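As recorded in Swiss-Prot, the features of this protein are as follows:
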type     : residues                          : note
ACT_SITE : 89                                : active site, proton acceptor
ACT_SITE : 264                               : active site, nucleophile
BINDING  : 89, 90, 91, 92, 93, 143, 187, 214 : substrate binding site
BINDING  : 302, 304, 307, 333                : Zn(2+) binding site
REGION   : 269-273                           : region 'RNA binding'
C-alpha cells in the first residue's frame with residue numbers, strides 16, 4: 001500500500017506515504033514551488049528545513065519553460081535538482097485564480113495566458129499528460145476550485161463537471177501506465193450534501209488519495225472547520241487526506257486533529273518575503289522598530305541556519321534595506337518553523353499527547 005497508517009490519537013493520524021522518489025512522514029507540510037523552485041532557496045536549503053515533499057504547478061510549468069525544456073533534463077526533479085517526491089497541482093486552482101480570463105466547458109477550460117495573453121485550452125486529459133511528462137510522484141485530477149460564496153445550483157453544476165473530469169483523468173492516467181499516485185479532489189463548496197455526492201462518486205471511481213478542495217478561499221474559519229470535519233468522515237481510513245491551500249499554523253493544528261495528513265500553502269514563504277516571521281510565541285514583523293537593537297536570535301528554540309547565526313537586529317537591518325539576503329534568511333527560518341511544527345505534531349500523535357501539545361501551543365502563541 002502506498003499509504004501506511006501507523007498510529008492514531010483521536011481522529012489525528014500518524015502515517016507514511018511511500019512515493020517513487022522517497023518516503024513522506026505524515027502529517028506533512030508541502031512548501032509551494034509554483035515555477036519549480038521554492039522562492040529564494042536552493043533545493044539543498046529546502047531539504048535542510050526538513051521538507052520531504054514539495055508542490056509545483058502543472059499549468060505554469062506547461063506555459064513556462066514548457067515541457068520540451070523540462071524533458072531535456074529527464075524530469076521535473078532533475079530540472080530543479082530536487083531528490084524527493086513532488087506533487088503537482090493539476091491546474092484546477094487556476095480555474096479559480098484566473099476566473100476573469102477563463103471559460104469553463106464540459107470539455108475543459110480556456111484561459112488567457114498570464115504570460116502573453118494568448119489563448120490556451122486545458123482538458124483533464126492534457127493535465128494528466130503534462131503531469132506524466134513532469135514525472136510527478138503524486139498527480140492531481142483536473143477540477144474546478146469553486147469560489148466562495150456561491151449558490152447551491154452553481155456548485156452542483158460545477159461538481160458534476162468536476163466528476164466528469166475525474167473519470168476522464170482516471171482513464172487517461174491508467175492508459176499512460178503511470179506508476180505514480182493519482183489523487184482525487186472533493187469539491188462541493190459549503191454544502192454538505194454536495195460534498196457527500198462528490199466524495200461518494202470519487203470513491204467509487206477509486207483513487208490513491210483524496211484531497212479536499214474549495215476551502216481557504218475566503219470562507220469563515222468556522223465554515224472551513226465544519227466542512228473539514230464532515231469530509232474526513234467520508235474518506236476511507238486507508239487513504240491519505242490532503243487539505244489544499246490552508247496553512248496558518250492554527251489551521252494545521254485544527255486540521256490534523258480532524259484527521260488530515262497533508263497540507264500545502266504559500267504562507268510561510270510569502271510571509272517571509274514580507275517580513276512576517278513565525279516564532280515560538282507567535283509572529284513578529286521584523287521591520288518594527290523594537291527589533292533594531294535586539295541582539296537575540298529570531299527564535300531561541302529554533303535550530304535553523306538563520307537562528308543559529310543571525311540576530312533580530314541584523315534581520316531588521318536587512319529588511320529595512322530590502323536586501324535579498326534578508327528574504328532568504330527569513331524564508332529559511334519560516335520553512336523550518338513549519339517543518340518543526342509538523343515534527344512536533346507527529347511526535348505528539350505517536351505518544352498520544354496531541355491535545356496537550358495543542359493546549360500548550362495556544363497558550364504560548366498568545367503571549368505576543
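Even glycines carry a Cβ here, placed using N, Cα and C.
Structure with Swiss-Prot features highlighted.
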residue: 89; record: active site, proton acceptor; Cβ neighbours (10 Å): 27
residue: 90; record: substrate binding site; Cβ neighbours (10 Å): 29
residue: 91; record: substrate binding site; Cβ neighbours (10 Å): 29
residue: 92; record: substrate binding site; Cβ neighbours (10 Å): 28
residue: 143; record: substrate binding site; Cβ neighbours (10 Å): 31
residue: 187; record: substrate binding site; Cβ neighbours (10 Å): 28
residue: 214; record: substrate binding site; Cβ neighbours (10 Å): 32
residue: 264; record: active site, nucleophile; Cβ neighbours (10 Å): 22
residue: 302; record: Zn(2+) binding site; Cβ neighbours (10 Å): 18
residue: 307; record: Zn(2+) binding site; Cβ neighbours (10 Å): 23
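Long-range Cβ proximity for residue 93 (substrate binding site), meaning a same-chain Cβ under 8 A and a gap of 6 or more residues, is found for 57, 145, 244, 245.
With DSSP classes pooled into helix, strand and coil, the tally for the region 'RNA binding' (269-273) is 5 helix, 0 strand, 0 coil.
When the binding-site residues 304, 333 are scored by other C-beta atoms within 10 Å, 333 scores highest. Annotated Zn(2+) site 302, 304, 307, 333; additional same-chain residues within 8 Å of its Cβ mean position, judged by their own Cβ, are 297, 298, 299, 303, 305, 306, 308, 332, 336, 337. Here the region 'RNA binding' (269-273) returns a mean pLDDT of 98 for the predicted model. The Cα atom of residue 302 (Zn(2+) binding site) lies nearest to that of 89, taking the recorded positions 89, 90, 91 as the candidates.
Distance from the CA of residue 143 (substrate binding site) to the CA of the residue listed as 'active site, proton acceptor' is 10 Å. In this structure, the CA atom of residue 91 (substrate binding site) is 29 Å away from the CA atom of residue 333 (Zn(2+) binding site). It is 14 Å from the Cα atom of residue 90 (substrate binding site) to that of residue 264 (active site, nucleophile). Between the CA atoms of residue 143 (substrate binding site) and residue 333 (Zn(2+) binding site) there is a gap of 34 Å, rounded to the nearest whole number.
Among the residues the record lists as binding substrate, namely 89, 90, 91, 92, 93, 143, 187, 214, the two farthest apart have Cα atoms separated by 15 Å.
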